[in-house]
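Okay, structure first, notes after.
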Amino acid sequence: MAGKARVHELAKELGVTSKELLATLKEQGEFVKSASSTVEAPVARRLRESFPSAGGAETKSETGAAAPAARPAAKPGAPSPSAAKPGGPRPGPKPAAPAPAAPAAPAPAAPAAPAAAAPAAPSAPVPTPTFNAPKPAQPARPAPAAPAASAPAAPAAPAAPSTGAKPGGPRPGPKAPRVGNNPYSSAPAERPAPRPAPGAPRPGAGQGGSRPAPGQGGPRPAPGQGGPRPAPGQGGPRPAPGQGGPRPPAGQGGPRPSPGSMPPRPNPGAMPARSARPAPGGGGRPGRPGGAPGGRPGGGGGGYRGGGAPGAGAGAGAPGGAAPAGGFRGRPGGGGRPGQRGAAAGAFGRPGGAVRRGRKSKRAKRAEYESMQAPAVGGVRLPRGNGETIRLARGASLSDFADKIDANPAALVQALFNLGEMVTATQSVNDETLELLGGEMNYVVQVVSPEDEDRELLDSFDLTYGEDAGGEEDLESRPPVVTVMGHVDHGKTRLLDVIRKANVREGEAGGITQHIGAYQVLTELEGNERLVTFIDTPGHEAFTAMRARGAKATDLAILVVAADDGVMPQTVEAINHAQAADVPIVVAVNKIDKEGANPDKIRQQLTEYGLVAEEYGGDTMFVDISAKQGLNIDALLEAVLLTADASLDLRANPDMDAQGVAIEAHLDRGRGPVATVLIQRGTLRVGDSIVAGDAYGRVRRMVDEHGQDVHEALPSRPVQVIGFTSVPGAGDNLLVVDEDRIARQIADRRNARKRNALAAKSRKRISLDDLDAALKEHSQLNLILKGDNSGTVEALEEALLGIPIDDEVQLRVIDRGVGGITETNVNLAAASNAIIIGFNVRAEGKATELANREGVDIRYYSVIYQAIDEVEKALKGLLKPVYEEVELGKAEIRAMFRSSKIGNIAGCLVTSGSIRRNAKARLIRDSKVIAETVTISSLKREKEDATEVREGYECGLTVTYSDIKIGDVLECYELREKPRD
């Protein structure tokens, strides 16, 4: 093979499939993509060595090629056919009944000699003129004790007809019977079964007419023609070993037996039970049993189609239609039993005889039984489970489900369609639909939570998150992480400003915190300087996720409550977050310097939520402070450190790979994606390969809260990390891995999982019931959100999706991101008819010009509740208008006039309100509504057209309802749009 070998070429050479060869290559550690890929020469050599069957196949093919070559060579190579035949006694015209005189001498030797000749037939080319040898014997009874003299006689008999006899005159039976093929050479009672061997015919089963006369035989083959055998049942396979052996070459047969040497014909009473049954082919009487003088077997049965029993037309006992010692060519349909040896199809179809159905295997029966038990949904057969649990990721498709249960995805699609759900095979499906489909098939579908799925993902890379490596001796103390929580405007950021001696509050829009910040400050306790890490969380209701995130990443929480305001909804929510995270709480009662402040009231209110002050016998420390005046700030810090030392084990291993959490992230114009990361364990260094959520990268730079570069960050240290390829999500776990390749693979798989889950969540389920409504035009508000950091975008999206609106209107966030508004966002908005909301960001470059040209609406906000209010108003504007009915007046019909052009004209008196032309009216008769919607088509006052007639005036009018009578009342009304609340 020139050049490199391809996989499919090697598979063809080795006699295996390409799939098997690919599996072998995979086991050997070779990466081959497909069957058309090439492999190197050493690999190909190893493959040839690993498949020994290839060599065996070659040897087998060589042997098989040699065998046919040797076989025809023997025929012309036997020079003695003509010499051998005259040497033996050859019967002339056969007498009518020579059988009774001859059988005495050869009968005893008949059973043993041919049976022993079968195994020795190929090795005995020299014929022996023994008259006992050609007698047919039972093909299935080997006799090991046969005399050796009988062995060379076996091939002698059938060899004669292949070359033909020299003397002239056609003879019907020029061939001697084959040794071992006469089923009647021994007593029939010795046969254990009617069919001695799979390919052998039943004795006497051939349907035949009368035997031809001695001189009426067909033309014998010309001398020297040793090729085709004029066997009646030719085309059947050679008999198996033990059934007479292979046919010897022509010209090596013994002398033709005389009539006196033939065994007596058995009487019908000695026949086997099944031999007397007519052949399945039908159409003629059963063939003669054979064994007549001259060695001619029974003839073929009558009937053209299917011509008799298996083996019809063959010699008596010839296995599977093999050439007999004599007789004419059999009728069509000859051959062995259908489905067995000798059952080759001929020009007239399959061999004759009734078709017998084979027995089903256990596997086939099992498959049929399981298909009967399989559930059918709408005519679709589905696999049946036994209550097995199938684990699927959130947002999995039907193809994923089908792979788990080894089913056809198309069947699952059709089954869901019959259940009323329209999905495709690759579409992300929500959890309820997967559970519904699994229940129909008796499977328990378990949707894996994102946490478990992420844990399994990390386990596949031999990574763990959340545990310190090493033992107790490797742990070192670390600073506590404190989160400041509370209601909006209760003074959380002002408290942090006092602690940090900075002013962050003035920089926040609207005076409320819309970001989550992390700082590390140095404080003093009992003469020792201690580091404390503070995390500031927003108090606005839209930032619930931020507060929950801050509670999870913290060791201790400071709950700020205004003394003049009391416990508020976000205060309760902050308490719940802290208690859910099992975080101890220190309560700071702020604004005690204001009038109306009542710290005792705060203590009483918080008692209802499980925060009992120490002075009330509890274990929660309360500190009264004033962030504005700076009162008791040191006492608050001391309480924080005391609580942390008393109830927390603040230790971590700084020598392991860093693990942490991304508190917030944003896109900086000059630095790219920037994430504020809190290190929880290990040490983060510049140059480490990191992955956080679906973002990955390498640490290029780290900056602390003061803008100073940091080369390594120890546990409990908040830093800004620069070097991500994309903006990570707020709250994503940060992990250091060995190399960038692993980080990229983890990020890509997380991104795919997130995308599938989002697709399953955002796509509305369309059932067959509401298909008509779904196809109609419906109102939908598409939004594109851009913000200054990921936490704000997340909070804004959750707040907008939580707006209570009617089902008639849908709110869909088609894109979200961190950073300025780009031209790509504008193009997407123009294509999807969306509105762009920029939160603390502006349009970049020519995005504004493109938006004006495309007619895209861009809204800028700096306070989150303003964005929520305006989007809510826009959604309510998309709702279908709600109308209310306003009564205009009533008119009583006093007279009726008939006009050939117009029809009925009603003369009315307006009893109340006014009547207007083209207004809607209700026809009332005897206090019953006759017509609900009637339009006043024309209105006249005297002979002049009028648009309105007031109370007390008469008028003439026509309506779009003909059945009006005197005394009817027309109640006129109009529909006015009702403003929504």
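Positions of Cβ are set from backbone N, Cα and C atoms, glycine also.
Note on Swiss-Prot: of 381-385, 511-515, 706-710, 916-920, the range annotated with the feature region 'G2' is 511-515. The range from 470-477, 486-493, 598-605, 974-981 that Swiss-Prot describes as region 'G1' is residues 486-493. Between the stretches 438-441, 590-593, 750-753, 910-913, Swiss-Prot puts its region 'G4' entry on 590-593.
Looking at 452-455, 536-539, 776-779, the range tied to region 'G3' in Swiss-Prot is 536-539.
The Cβ neighbour count for Lys492 (GTP binding site), using a 10 Å radius over every protein chain in view, is 28.
Counting every protein chain shown, the Cβ of Gly486 (GTP binding site) has 28 other Cβ atoms within 10 Å.
Listed in sequence order, the residues of the same chain lying 6 or more apart from Ile592 (GTP binding site) and placing their CB within less than 8 Å of its CB are Ala563, Pro599, Asp624, Ile625, Ser626, Leu631.
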